[in-house]
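Only one structure is covered here, and it is reproduced in the block below.
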Amino acid sequence: MAKIKIGINGFGRIGRLVARVALQRDDVELVAVNDPFISVEYMTYMFKYDSVHGQWKHHELKAKDDKTLLFGEKPVTVFGIRNPEEIPWGEAGADYVVESTGVFTDKDKAAAHLKGGAKKVIISAPSKDAPMFVVGVNEKEYKSDLTVVSNASCTTNCLAPLAKVINDRFGIVEGLMTTVHSMTATQKTVDGPSAKDWRGGRAASFNIIPSSTGAAKAVGKVLPALNGKLTGMAFRVPTVDVSVVDLTVRLEKEATYDEIKAAIKEESEGKLKGIPGHTEDDVVSTDFIGDNRSSIFDAKAGIALSKNFVKLVSWYDNEMGYSTRVVDLIKHIASVE
């Protein structure tokens, strides 16, 4: 099978990590990157040095000229174009474009990439109107006539596989989710203006910040059986990567906590292996930096109040796990074409 050729629009946290994932795989080929706000030299620096995931050590990396990055001998075309419809993805051979600016999350805005020759667009964020897919949960619902899709959010990618296992095995009556979420690039280093979210304008490295998240409700979009049964909120905390979901649910069928643990372990070692995970170790957040699984269930951290009411805890590297799923979704889409 020929390599799947991808382009990336927006070379921020997710864009750079999708590039790292793609460059280490044999089934995909990174052929182009677009970012109008940084030079090729700065792009090289930002890709090579990463405070969380460490220095890039897989290929020698250098700027060949102002329009080309070299990863070893492999050239990657670089554009610096603001308007998505003007980016010549087709000329660069990029069939699948990852829209990771965080700006063009609507279906119509993301579809502008198609005008430049892209065949499919994958939005690396939740979308209000593009169909959302979570690998390991509902990617098999994808149909080849869809040209713009969303990979949902990192938190939905953690929550949905866990919720699917619990709902399939025991049934979920209703539930509440809290994600304790590492800070992200949109937060403030010190207190600053944030008109739409006053708390979100407070210093990220100095506060625990209550925040909204649509991740739990979005599970209802990828798992219609749970539509209206889950909602949730977030606490943004002063860690730079790795987050954790606390899912508290009321079950239809009675189950002991040991039975729930066994069910999750079985699924994580079965056909979904590599997407959900399972641990019985005494872990903390930094133990999951660089983990490319979507959701790692922490068997020791959860508790049960009764056989119908339980709290389940699952970790995720909100950067690397999510970026890996973006590439996995592209691979699945290509297999359906």
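Even glycines carry a Cβ here, placed using N, Cα and C.
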> Which residue of Arg199, Arg236, Arg250 does Swiss-Prot report at the same D-glyceraldehyde 3-phosphate site as Ser153, Cys154, Thr155, Thr184, Thr213, Gly214?
Replying inline: Arg236
> His181 (site 'Activates thiol group during catalysis'): which of the binding-site residues Asp35, Arg82, Ser153, Gly214, Arg236 have a C-alpha within 10 angstroms of it?
Replying inline: Arg236
> Among the binding-site residues Thr213, Gly214, Arg236, which ones place their C-alpha within 10 angstroms of the C-alpha of Asn318 (NAD(+) binding site)?
Replying inline: none
> Asp35 (NAD(+) binding site): which of the binding-site residues Ser153, Cys154, Thr184, Thr213, Gly214 is the nearest Cα neighbour?
Replying inline: Thr184
> From the Cα of Arg82 (NAD(+) binding site) across to the Cα of Cys154 (D-glyceraldehyde 3-phosphate binding site), what is the distance in angstrom?
Replying inline: 26
